[in-house]
Structures are given as C-alpha cells and as structure tokens.
Amino acid sequence: MGLKADSWIKKMSLEHGMISPFCEKQIGKDVISYGLSSYGYDIRVGSEFMLFDNKNALIDPKNFDPNNTTKIDASKEGFFILPANAFALAHTIEYFKMPKDTLAICLGKSTYARCGIIVNVTPFEPEFEGYITIEISNTTNLPAKVYANEGIAQVVFLQGDEVCEQSYKDRGGKYQGQVGITLPKILK
C-alpha cells in the first residue's frame, strides 16, 4: 500500500472528481491552511456545527437522540466558539469520491492540536462518496474558536496493491452519499 503524492491527488481530483471543490495549491496566508500539500490534502470545515449539550443525561450511539445537540450557523461570524471540554460535529466543504483501490486517513492539523482542539474522522473507505462529518473536541478548560471555511484536518491517501473485493459502496455503507452533518446511524 503506497502513500500518494500531490501529482496523483491533483490528477484524481481534476480528472475523476475525487475532491470537489479542489484547491490546487496550499492556501495559508491569514487563514488556517487548506488545499493540496506534498502528500495530502488539507480539508476545510463548513460553517454549520452541531454542539452536543446536556439536555439528556446519556448519549447512546445505537439510539441517538438529535435533541442532544444544538445546531449553530457560523457563516456570519466566520467562527464557532466551542465551549470548554465540549464536543461538536461539523462537515467538510469538500465532497469526496474515493477510488475503489484507495483508502484515505484523516489527521488533525497541528495548529488546532496545539490549542487543545482534537479532530477525529474515521477512514474514507474505497468507493465512499459524500461530505465528511468531522468530530471536534475541545480538551481544554477554556472556550476555543474554530474557524469556518478554513483548514481543519489533513487527508492522506493510501492506494492498495490490489483492488478490494467489496467496497464501501458495494456493501451499502450507511453513510454513503451523506450531505451535511450526519448523526450516528445503526442499520436495522
């Protein structure tokens, strides 16, 4: 399994729509960087956030109650205030169409990590298609700003030595084609 370079990421995005919209260079002046890098792509977080609150005493991933969240639109302010020790969901500006022979792994940006803001995203499986739901945790005891429409994490692409027998699309992945922030789902 090989790590893919900028030239491959660019080709797959421009010719096959792997990342859309696609920024062909790294943008980093006066913003948290995003766009193409040497061996990855820095994704941007949108302006819609879902803050987990304490309306109910329990989060159950098998029976998730959307009333446990508050939707926040940060498009006017340009940022979202994540309270101390809080958790929120967001989504990428970019839409992904993964090739059948490629898996992507997403890692948080050091700019946020050095402020105690941890970003988690599960792997983008072969033939996954959709916007990416991003999990954001503020591990500090202070409120923190998360900037809308700026970089939030970096995606690296690993191409397999052979094509998988069954992709995420083939097995009817429950988050296939997701748009916006997608809450936990259990197939029934």
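A Cβ is built for glycine as well, from the same backbone N, Cα and C atoms used for every other residue.
Marked as dCTP binding site by Swiss-Prot: Lys109, Ser110, Thr111, Tyr112, Ala113, Arg114, Gln154, Tyr168, Gln178. There are 19 other Cβ atoms within 10 Å of the Cβ belonging to Lys109 (dCTP binding site).
According to Swiss-Prot, the active site, proton donor/acceptor annotation covers Glu135. Non-local neighbourhood of Glu135 (active site, proton donor/acceptor): Phe87, Ala88, Leu89, Val119, Asn120, Val121, each in the same chain, at least six residues away, with C-beta under 8 Å from its C-beta.
Residues listed for dCTP, Lys109, Ser110, Thr111, Tyr112, Ala113, Arg114, Gln154, Tyr168, Gln178, cover a largest CA to CA span of 33 Å. Considering other CB atoms within 10 Å as the measure, the emptiest surroundings among the binding-site residues Thr111, Gln154, Gln178 are those of Thr111. Gln178 (dCTP binding site) falls within a strand segment according to DSSP.
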